[in-house]
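What Swiss-Prot annotates here:
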- 33-53: transmembrane segment (TRANSMEM)
- 69-89: transmembrane segment (TRANSMEM)
- 92-112: transmembrane segment (TRANSMEM)
- 128-148: transmembrane segment (TRANSMEM)
- 176-196: transmembrane segment (TRANSMEM)
- 203-223: transmembrane segment (TRANSMEM)
- 329-349: transmembrane segment (TRANSMEM)
- 371-391: transmembrane segment (TRANSMEM)
- 403-423: transmembrane segment (TRANSMEM)
- 439-459: transmembrane segment (TRANSMEM)
- 478-498: transmembrane segment (TRANSMEM)
- 517-537: transmembrane segment (TRANSMEM)
Amino acid sequence: MASLVSGDKEAQISGDPGSKRGGWITFPFMLATLLGLSVTSFGWVMNLIVFLIEEFNIKSIAAAQISNVANGCLSMLPVVAAILADSFFGNIPVIAASSFISLLGIVLLTLIASLDYLRPRPCEAGSVLCTPPSKLHLGILYTALALVTTGAGGTRFTMASAGANQYEKPKEQGSFFNWYFLTLYAGAITGATAIVYIQDNASWKLGFGLCAAANLISFIVFVSGKRYYKHDKPMGSPFTSLIRVVVSATVKRKAVISCNEEDYHHYGLEKEVKTSAAMPSKSFRFLNRAALMTKDDLNQKEGSVNNIWRLCSVQEVEDFKAILRVFPLWLSIIFVSTPMVMQTSLIVLQALVTDRGLGPNFKVPAGSLQVIIIITACIVIIMNNWLVFPMYKKLTHKLLTPLQKVGIGQVLTILSMALSAVVEAKRLKTVENGHPMSVLWLFPPLVIVGIGEAFQFPANIELFYGEFPESLRNTATSLTSVVIGISFYLSTALIDLIQRTTAWLPNDINHGRVDNVYWLLVIGGILNFGYFLVCSWVYKYRNLKDNDQEQDPKDGTM
């Protein structure tokens with residue numbers, strides 16, 4: 001979702017309008033590549049916990065932690081890829097290289113599943129003691145996971161940006177994005193259901209082999225369309241100006257801050273282009289020194305900046321302040337995402353000890369349960385855009401702000417964790433009576449998670465895109481991915497802490513108290529929601545006010 005906005009912006013500023021490359025001739029190449037890569041990435045990541053438990057004899061909690069680390073890398077690496085594409089190589093080379101790296105990783109996973117000596121000996125039926133994986137086994141496994149996560153992360157956001165760059169008209173870009181997300185979710189659902197089902201009921205070798213075939217086809221298709229693509233030119237690092245602000249303010253830390261507009265620098269690196277900000281704001285006043293002109297900062301004859309690391313424009317200073325203002329909200333989103341990703345990992349472990357049979361011949365794969373979140377989120381996003389948000393605007397003559405949407409999502413996330421605690425308590429009682437609980441009891445919490453994500457995920461992107469500096473919008477929208485990545489790492493640490501200090505998370509959760517873990521997450525969620533309300537109360541939007549006035553003149557000022 002983050003690429004929806006970033007790709008649109010990049011498409012308008014990159015590429016040669018007069019070039020014959022690009023256009024709808026690139027459409028099948030882009031979507032075929034996306035479909036294959038989506039099937040591949042979701043096909044292995046959704047069932048990773050089960051693979052580690054069944055094929056590598058790794059204990060359930062440790063498997064959940066490894067899965068969280070892998071998912072964290074999947075979420076963090078897109079930002080690295082976006083920076084590399086924006087600053088050095090462009091999107092097309094990054095996608096090609098990432099697709100090939102992903103192919104190497106999934107081929108190695110297929111070999112691991114095919115060759116017995118690359119895995120520990122399987123546990124004997126009824127045996128408690130199993131052969132643990134050797135250092136060689138783990139080394140090969142981690143190499144494969146590093147390759148597939150790097151490859152998948154390198155294409156997750158750059159595919160949308162590269163696709164948008166092929167079109168000049170915003171209408172065409174919008175049409176492309178509709179197809180882009182339809183294809184993305186189709187691939188995700190296929191990987192999380194069909195591929196996972198094959199892995200559970202046929203063989204891991206066949207499941208990973210199909211992923212490898214999909215990856216290979218997508219790589220060949222993408223490279224085949226290279227001559228038709230419009231190649232975007234790297235625009236330089238968007239973070240340079242931010243670093244310059246810190247350096248300039250530090251160098252001139254003893255300078256006296258002025259109240260006169262003429263004492264501040266109002267031009268960017270190109271002296272003929274004047275920036276929009278007039279006077280630096282009063283917040284974070286120590287940074288205003290970065291734009292304060294001294295006698296050694298300007299070349300009096302040419303009017304140019306002598307040293308760009310000593311003088312920034314007022315706009316560059318204000319851009320940096322905008323990031324600092326968003327940071328407390330960013331932390332709040334991390335703290336609510338951490339319990340959410342931990343919840344999805346624990347539900348997979350719960351599913352493994354439930355009755356997953358639906359009818360005499362079908363068994364729900366534990367790794368496929370998370371597809372409920374994806375399907376629910378898709379449905380609710382459509383309902384929000386076509387029904388809920390228009391109805392709210394009609395009744396109140398106002399639009400829901402991004403922070404209001406995030407708040408709704410946080411409340412729903414807390415409710416889902418509370419419901420998971422109640423369901424787990426019921427499951428433990430059924431285990432005591434000698435009857436496993438039906439897996440259907442796990443569906444309602446996942447549905448609520450999906451509804452909450454439908455409010456939070458687009459709103460987070462809307463918030464970052466609208467409040468970040470224009471020069472950083474391509475990277476800003478991917479910050480949602482960074483949030484998710486950090487949350488996976490924090491959830492891994494939290495699981496380890498709970499294991500060390502309590503008996504709630506043994507390797508056999510039938511003898512644990514996962515319900516207490518959920519209640520702990522509920523308490524943390526409530527505390528974080530209070531922190532979020534405080535941050536939202538004091539936060540002042542940078543751009544939303546004008547947008548609201550334009551969209552609905554009846555609103556007046558906020």
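Cβ coordinates are placed from backbone N, Cα and C, and glycine is handled just like the others.
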Please give the sequence-distant neighbours of the transmembrane segment (92-112): residues at least 6 beyond its ends with Cβ less than 8 Å from one of its Cβ atoms.
33, 37, 40-41, 44, 55, 81, 84-85, 118-119, 140-141, 143-155, 158-159, 162, 205, 208-209, 211-212, 215-216, 218-219, 222-223, 226, 229, 231-232
Would you mind listing the long-range same-chain contacts of the transmembrane segment (329-349), meaning Cβ under 8 Å and 6+ residues beyond its ends?
49-50, 60-61, 64, 67-68, 71, 366-367, 369-370, 373, 403, 406, 409-410, 413, 416-417, 420, 442, 445-446, 449, 452-453, 456, 460, 463, 479, 483-484, 486-488, 490-491, 494-495, 509, 514, 517-518, 521, 524-525, 528-529, 531-532, 535-536, 539
Could you name the stretch, out of 33-53, 128-148, 478-498, 517-537, with the greatest number of CB pairs under 8 A to the transmembrane segment (203-223)?
33-53
Would you confirm whether the transmembrane segment (176-196) and the transmembrane segment (33-53) meet the contact rule of 3 or more C-beta pairs below 8 angstroms, pairs 6 or more apart in sequence?
yes
If I count Cβ-Cβ pairs under 8 A between the transmembrane segment (128-148) and each of 33-53, 371-391, 517-537, which range comes out on top?
33-53
Same chain, outside the transmembrane segment (33-53) by at least 6, Cβ under 8 Å from its Cβ: which residues?
59-60, 62-64, 66-67, 70-71, 74, 95, 99, 102, 106, 109, 148, 152, 155-156, 159, 163, 180, 183-184, 186-192, 195-196, 199-200, 204, 207-208, 210-212, 214-215, 217-219, 221-222, 345, 348-349, 352, 365-368, 370-371
